[in-house]
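Some notes on the structure that comes next.
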Amino acid sequence: MDSSTWSPPATATAEPLQAYERIRNAADISVIVIYFVVVMAVGLWAMFSTNRGTVGGFFLAGRSMVWWPIGASLFASNIGSGHFVGLAGTGAAAGIATGGFEWNALILVVLLGWVFVPIYIKAGVVTMPEYLRKRFGGQRIQVYLSVLSLVLYIFTKISADIFSGAIFINLALGLDLYLAIFILLAITALYTITGGLAAVIYTDTLQTVIMLLGSFILTGFAFHEVGGYSAFVTKYMNAIPTVTSYGNTTVKKECYTPRADSFHIFRDPLKGDLPWPGLIFGLTIISLWYWCTDQVIVQRCLSAKNMSHVKAGCIMCGYMKLLPMFLMVMPGMISRILFTEKVACTVPSECEKYCGTKVGCTNIAYPTLVVELMPNGLRGLMLSVMLASLMSSLTSIFNSASTLFTMDIYTKIRKKASEKELMIAGRLFMLVLIGVSIAWVPIVQSAQSGQLFDYIQSITSYLGPPIAAVFLLAIFCKRVNEPGAFWGLIIGFLIGVSRMITEFAYGTGSCMEPSNCPTIICGVHYLYFAIILFVITIIVILAISLFTKPIADVHLYRLCWSLRNSKEERIDLDAEDEDIQDAREDALEIDTEASEEKKGCLRQAYDMFCGLDQQKGPKMTKEEEAAMKLKMTDTSEKRLWRMVVNINGIILLAVAVFCHAYFA
């Protein structure tokens with residue numbers, strides 16, 4: 001059927017105000033209000049029922065989490081509004097291949113639970129840079145990696161999530177983009193700054209349920225509207241806009257026609273927009289950084305009761321990662337069928353009219369579907385879903401970023417900072433992070449032909465591979481030492497950042513107006529660039545390590561895969577830093593004893609709300625401290641549960657292979 005019957009003039013020329021009017025009904029507003037009340041209630045319950053008055057309680061939820069909130073939180077931390085907007089947008093523009101990004105994670109979560117987390121737990125660490133400090137000694141890698149991780153959070157995660165959430169609110173409520181951002185962040189910051197990791201994980205679990213429920217309903221509506229799966233395939237290939245020329249310029253056919261390989265995940269290695277070797281190897285490298293070495297993800301696993309709960313949480317997350325292809329990518333493609341003129345626009349003036357940016361409007365595919373297709377009440381639910389995904393991602397990132405700053409950077413500046421000072425510093429840092437992220441939003445708006453998901457993946461391809469290389473070699477190659485790891489990170493970063501800056505300087509261009517960036521720099525697909533950068537970093541690390549002094553095994557017990565089960569006592573390379581930490585804790589005790597004066601009611605309420613009332617239990621003896629440390633670094637599992645999670649892990653890998661093969 002010709003696509004023109006699927007783009008009614010009324011919707012094609014709809015202004016945001018009409019969409020805004022649609023939300024103005026009792027059912028939608030009630031659902032949104034109820035949603036916010038429930039989320040705040042869960043956040044407040046977690047806030048008052050968990051220990052947030054210590055660094056371990058605020059940042060690691062006291063290592064008491066069971067598998068299902070961990071699985072839900074892993075999924076919710078990963079799936080932000082950037083996925084709803086970005087995956088659906090790239091799906092509308094180029095077909096199902098972008099779903100391969102999600103399915104790749106099925107393999108990586110197994111690696112995370114079975115290989116990486118056991119090492120991190122045995123090392124007894126809270127942050128990823130802290131692991132590298134124990135593994136290599138010295139402080140420069142730890143500080144460098146903390147700063148780089150924070151830069152990545154700002155450039156990719158926070159900016160993209162804020163931008164995509166604001167697109168949705170702008171379309172649905174008619175609010176100014178930056179006012180929408182401000183309101184969102186105010187609510188998000190409130191319970192992250194006050195609540196700590198337990199509040200984040202419990203609200204994530206609630207929001208995962210809402211997110212899946214809402215997107216299942218929308219997918220059902222979308223497929224019903226388009227006439228089922230086979231009609232969807234036919235109609236998508238015919239979803240071509242009618243306006244394809246302006247002035248004396250006619251748009252090239254490939255700019256507005258759906259790709260011939262739209263329904264294949266694996267695409268041509270040279271001409272494909274997502275070449276299959278890049279999707280298999282390049283994406284796995286980026287995913288290794290994201291899933292196995294990134295603070296946001298690993299922190300959830302480190303909060304688990306024991307290893308079986310870690311693995312079960314990873315499996316649960318893996319199964320849920322099957323869904324975005326059907327709940328986000330395909331609805332985005334259906335949005336192109338139903339609202340072709342708007343979503344598939346190619347003429348710059350038309351695009352600017354519909355979504356305020358000249359490079360393309362595919363980013364509004366999912367929000368448009370929600371606003372135009374859903375009945376009253378359900379539309380409010382879907383707006384709540386978008387807010388849920390945005391806020392769950394932001395809360396996760398804010399909590400993890402403040403952990404990195406507090407534990408890895410602030411403690412270097414203020415070596416004798418009290419626990420209370422660390423808690424306040426972490427919370428204040430979140431406010432700085434928010435400000436910088438908002439300033440970056442306009443750049444996100446115009447990058448990668450207006451395709452948000454491509455922007456996120458390209459930035460991680462330029463900055464992530466060196467980190468992945470260092471962690472991989474740190475765990476599997478005990479010969480690697482500090483000079484090798486440090487210079488590998490620095491050289492890898494310089495190569496990646498030079499590509500990133502060049503691309504931003506020239507602009508990524510669009511199908512209509514290609515970028516003038518030199519082919520030798522920007523002509524290499526970002527997934528291929530990730531492979532090249534990863535290999536160069538590994539060569540540099542190994543070469544420098546082999547020419548410099550190795551680290552003795554006594555410093556590496558339980559920090560490398562080959563020495564993971566050793567029972568000998570490890571002499572940490574950062575033992576001096578540990579002494580400073582102990583001295584700080586002793587000073588803290590003296591400090592708290594000295595300041596036991598009676599506080600007023602207002603001060604007590606303030607401390608309780610912000611989690612600054614350190615719950616003081618009886619002081620532990622040295623033997624009790626040693627037993628506690630043993631519990632925190634224990635990776636043992638009951639035989640039955642180990643078998644159950646192992647069998648499920650194998651099934652998950654088989655499902656991943658089947659999905660890739662079926663849609664190849």
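Cβ from N, Cα, C; glycine included.
Between N248, N306, Swiss-Prot assigns N-linked glycosylation site to N248; no such entry appears for the others, which is not proof they lack it. Judged by Swiss-Prot topology annotation, Y202 lies across the membrane from K358. C361 is paired in Swiss-Prot with C355, the candidate among C317, C355 named as its disulfide partner.
Looking at the candidates C317, C345, Swiss-Prot gives C345 as the cysteine bonded to C351 by a disulfide. Note on the topological domain 'Cytoplasmic' (478-481): residues 136, 541-542, 545-546, 548-551, 553, 556, 560, 562-563 of its chain, located 6 or more positions outside it, place their CB under 8 angstroms from a CB of the stretch. Remark: the transmembrane segment (645-662) contacts the transmembrane segment (96-117), by the rule of 3 or more CB pairs under 8 A.
The C-beta environment of Q457 (D-glucose binding site), restricted to residues of the same chain at least 6 apart in sequence and closer than 8 Å, consists of F101, I286, Y526, L527.
Among the recorded positions listed (N248, R300, C522), N248 has its Cα nearest to the Cα of C345 (disulfide bond). The DSSP secondary structure for N248 (N-linked glycosylation site) is coil. In the three-state DSSP assignment, the secondary structure recorded for C355 (disulfide bond) is helix.
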